[in-house]
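Undergrad: Structure provided below as structure tokens; questions to follow.
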């Protein structure tokens, strides 16, 4: 007997039915916003990460040498792949380019609640516009997707910040600082104690006093105060963030956004507005997902400089949030009809089943040569709404029996009118 | 600049729209038959293949050692994984268990037309019944899926055989034969010349004369003659094949099936009826996909003996068949509305877009701060059906302009009734 790998999951039908409902909802909202589905290789040249990505990603790669001696890796995220695609064909595509896709990614990391080694994300990205409206549309897509899942304003919040506020504000205090390191320190702010956090800022080159003043500013989330304290670049970033929030208001998603300057996002490639979605109740303590602007990535992949902004809801953490809020779909299969055969009636049973399937319904029939009781029990097990009994005796009178599985009520119906003219015949149509 | 790996594909939106339409159709038919969606790990312990699979598969594995020292592989097929799942939880699940899923698999093999190193299949399997009705349902699902894609009886055929006919018929000639090798020889029958084929049968232990008589029998596809020539086991297998074809008639799929005893399927785990789908015109020369019964696999994985039958349409060859028959979907994106903003009208533009999206439509708006002409050209590029122009002057009179992009006709409509009570307003609603 073989064992599944740790951090990988089997989704049996009931779990999968619920996951499918969530993915369909998120993708449906993406389609409505004009994001277009793409599909991408699960395996890529490892250099796409080892050349540029942070050590935390590189250390978690499922990388290996293939039979042709290529250094390849299972993709740990989508962004470098879509960057490669935009470099390849971006010139021919009308801008903005709006892609979405749902697929698994892989990272060799510690398995915990809501975190697996194989994990599923719906990525949505816009390439070819640096307008604040585009950042806001990404927020609006994410907000609508969550709302459509049944979550409301009390369930989640988008903590929105701007990479250039943090970086330039730090430099306003001390021009000789290691900005990247300081931003990483801010990213760890909520996860380490005060002393360690100030220590990290000190390592990045900020004096204890400056670190304290800097932290007071970002803790207050007061954009006026930040603009006043910061240099010209800080002011430009504050203006950009405000423009995004104004556009978010026009999209109807402003109510879900709050300025949160300490939100830095771990990834190095972000360049502008960044945001993370959190459970408002705090019960799900981790970030549910995040996104932001990454204007330099396409250029760094050898393409024409192409601004970009995106978001990637992860389905494991989304599951936790929906579950906490009581809106995760039922983990159960559903069946419209079970057509039950009694005696030598397979041809007629399959005629009825076929006609119902042609109308788009989910229909099962006996595949085990079972008796009445055993078939009825199976029908119940797959949550059949209606059971149609095709029996020899009924048939000799031109009838079938129609049973409502919820109430247990049953009645006879003419064989010829099941389904006949009916699109979705039920017990109620024949009493 | 990075290059995609050989044998891996990027699907840009137009190609993906067509592929999605095909996958949706196949999956929709699977759902109607009561197959239930599952999802499964892309990485499994390599032993699941190296212990049992034929050399051709083992030599093509993307196998490697993970960071924990486990010998793992990208999955080259689904069957061992679902076998593992049925072993794990089969006892709790009501029988028959009916699974489907669409996902990629990986084999390091020579890239050619319709064959890639990363390839997508929709697997559908039934566990827990050995009744011929189940084999026939698998054929019926496959037949309906192809019909639903727009293919008809002149486009494709299912060549149906039975593993126990071939094996036992060979043994009827010569009890000391290597049956497995002989079946592999039959599987190569159409691909090698007569001499090589008879040579392979000779290697398996069949004299030249017996090989010739054996081949005459399977070439004729005459079940009566085969039953007469064969031993008891051959007769049982012929009876089983006939029972499956009778059930296929009740399912309405018999017309697509023809007995073809030389159809052996390459995989070793088949035990009963096997079949392959071919292009009837022969233009697509390779098998489009195949399936069959594999009753021993679950037991060999350490589970309760559980009969099983399945099929796995592959989307690359299906693409070739649909293309040959002229029924492959258009490779183009579609857009219901482009809401075009002129002047300072972003709030109103986004109100209209939002209302249309709430009704489920695909809607795009300007994300690049562009002028009228440039927006209209983008709308045309994404095949927008209707353009709604929200301009300052129109708005001051309470109107928007509605343009039918196919005819070029336009008219004004009250801002309040776009969409207002309309579910899907178009030009025609306002003239």
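Heads up, the Cβ atoms here are built off N, Cα and C, so glycines get one too.
Note: TrEMBL annotation is automatic and uncurated.
From TrEMBL, for reference:
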- B:77, B:78, B:79, B:107, B:121, B:125, B:265, B:269, B:270: L-histidine binding site (BINDING)
- B:419-431: compositional bias 'Basic and acidic residues' (COMPBIAS)
- B:1-431: domain 'Aminoacyl-transfer RNA synthetases class-II family profile' (DOMAIN)
- B:405-431: region 'Disordered' (REGION)
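Mind mapping these onto the model and telling me what they sit next to?
TA: Long-range Cβ proximity for residue B:77 (L-histidine binding site), meaning a same-chain Cβ under 8 A and a gap of 6 or more residues, is found for B:57, B:105, B:312.
Beyond the ends of the compositional bias 'Basic and acidic residues' (B:419-431), by six or more residues, the same chain brings 336, 352, 355-356, 359, 361, 385-386, 402-404, 407, 409-413 to within a C-beta distance below 8 angstroms of the stretch.
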Undergrad: In the predicted model, what is the mean pLDDT computed over the domain 'Aminoacyl-transfer RNA synthetases class-II family profile' (B:1-431)?
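TA: In the predicted model, the domain 'Aminoacyl-transfer RNA synthetases class-II family profile' (B:1-431) has a mean pLDDT of 94.
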Undergrad: Provide the three-state secondary structure of residue B:270 (L-histidine binding site) computed with DSSP.
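TA: Going by the DSSP assignment, residue B:270 (L-histidine binding site) belongs to neither helix nor strand, so it counts as coil.
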Undergrad: Would you mind checking how many other C-beta atoms are within 10 angstroms of the C-beta on residue B:270 (L-histidine binding site)?
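TA: The Cβ of residue B:270 (L-histidine binding site) has 24 Cβ neighbours within 10 Å.
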Undergrad: Enumerate same-chain residues with a sequence separation of six or more from residue B:121 (L-histidine binding site) and a Cβ-Cβ distance below 8 A; give 'none' if the list is empty.
TA: B:78, B:102, B:103, B:105, B:289, B:312, B:313, B:314, B:315
Undergrad: Counting by DSSP, what is the helix, strand and coil composition of the region 'Disordered' (B:405-431)?
TA: 7 helix, 5 strand, 15 coil
